[in-house]
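*Asks:* I'd like to ask some things about the structure below.
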């Protein structure tokens, strides 16, 4: 009996598949209540009383305005997720506008909860993503890249590290859609070298196989 039970568990484990995504809609809409007005904590946002919902909850203005790219990277991401746009709650979508100065970079990053499509509106963008670690340790992560022109679209799979770089001499901008109301973002350099408290120096020197002074220099850039 025990053997049969074990075999049954193994078969169920092998042939069962679990799918995860933002919560499915159980009503027409669920406009988010601001966190400081909420009385409970939930995975996502609790809903505003439908009788209190207005058209403004489903409206977000201003994405026609360029972002300020006067920074070290020469880029500005204007994020529109459920925190800025309550009507997105439970819809499983969000969006961003990304502006790039000439040779501006949206640094390598990932979205743990969303896939992303990028639509190039203006300029010339060199974009790409890197695959997750291959099973064979002798095989390197594969890089997929493409140069985008106005009207072109590129997709970044969920959770994978990706980037965009303006290779033109003029400003560029793009719109991106993401498959989560709150996709999250992990900027690789900031997370590794700018965490609080800092990651142990021995860990980083071992991981990157460089001298400790190199790591100290990189950490200093993100203080």
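A Cβ is built for glycine as well, from the same backbone N, Cα and C atoms used for every other residue.
Quick caveat, the model's predicted, so the values are computed rather than measured.
When I checked TrEMBL for this same protein, it listed these features:
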- 106, 111, 116: oxalate binding site (BINDING)
- 109, 111, 116, 162: Mn(2+) binding site (BINDING)
- 30-47: disulfide bond (DISULFID)
- 61-216: domain 'Cupin type-1' (DOMAIN)
- 1-20: signal peptide (SIGNAL)
*Asks:* Spatially speaking, which of the binding-site residues 106, 111, 162 is closest to residue 30 (disulfide bond)? Use C-alpha to C-alpha, please.
*Replies:* 111
*Asks:* Within 10 Å of the Cβ of residue 106 (oxalate binding site), how many other Cβ atoms can be counted across all chains shown?
*Replies:* 25
*Asks:* Any idea which of the disulfide-bonded residues 30, 47 has the thinnest Cβ neighbourhood at 10 Å?
*Replies:* 47
*Asks:* Cβ-Cβ under 8 Å from residue 111 (oxalate binding site), same chain, 6 or more residues apart: which ones?
*Replies:* 156, 158, 159, 178, 180, 183, 184, 185, 186
*Asks:* Rounded to a whole number, how many Å is the Cα of residue 106 (oxalate binding site) away from the Cα of residue 162 (Mn(2+) binding site)?
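*Replies:* Approximately 9 Å lies between the Cα of residue 106 (oxalate binding site) and that of residue 162 (Mn(2+) binding site).
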*Asks:* How many Å separate the Cα atoms of residue 47 (disulfide bond) and residue 116 (oxalate binding site)?
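*Replies:* For residue 47 (disulfide bond) versus residue 116 (oxalate binding site), the Cα atoms are 26 Å apart.
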*Asks:* In the predicted model, what is the mean pLDDT computed over the domain 'Cupin type-1' (61-216)?
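*Replies:* A mean pLDDT of 97 is what the predicted model shows over the domain 'Cupin type-1' (61-216).
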*Asks:* Can you list, in sequence order, the residues of the same chain other than 109, 111, 116, 162 whose CB lies within 8 Å of the CB centroid of the Mn(2+) site?
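*Replies:* Once 109, 111, 116, 162 are set aside, the remaining close residues are 110, 114, 129, 156, 160, 161, 178, 183, 185.
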*Asks:* Determine, to the nearest whole angstrom, how far the Cα atom of residue 109 (Mn(2+) binding site) is from the Cα atom of residue 116 (oxalate binding site).
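*Replies:* Here the two Cα atoms are 12 Å apart.
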*Asks:* How big is the gap, in Å, between the Cα of residue 116 (oxalate binding site) and that of residue 162 (Mn(2+) binding site), rounded to a whole number?
*Replies:* 10
*Asks:* Tell me the Cβ neighbour count for residue 109 (Mn(2+) binding site), meaning other Cβ atoms within 10 Å of its Cβ, over all protein chains shown.
*Replies:* 19
*Asks:* Counting across all protein chains present, how many other Cβ atoms fall within 10 Å of the Cβ of residue 162 (Mn(2+) binding site)?
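*Replies:* There are 22 of them.
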*Asks:* Determine which residues of the same chain, besides 106, 111, 116, have their CB within 8 A of the center of the CB atoms at the recorded oxalate site, and list them by sequence.
*Replies:* 96, 109, 110, 114, 118, 156, 162, 176, 178, 183, 185
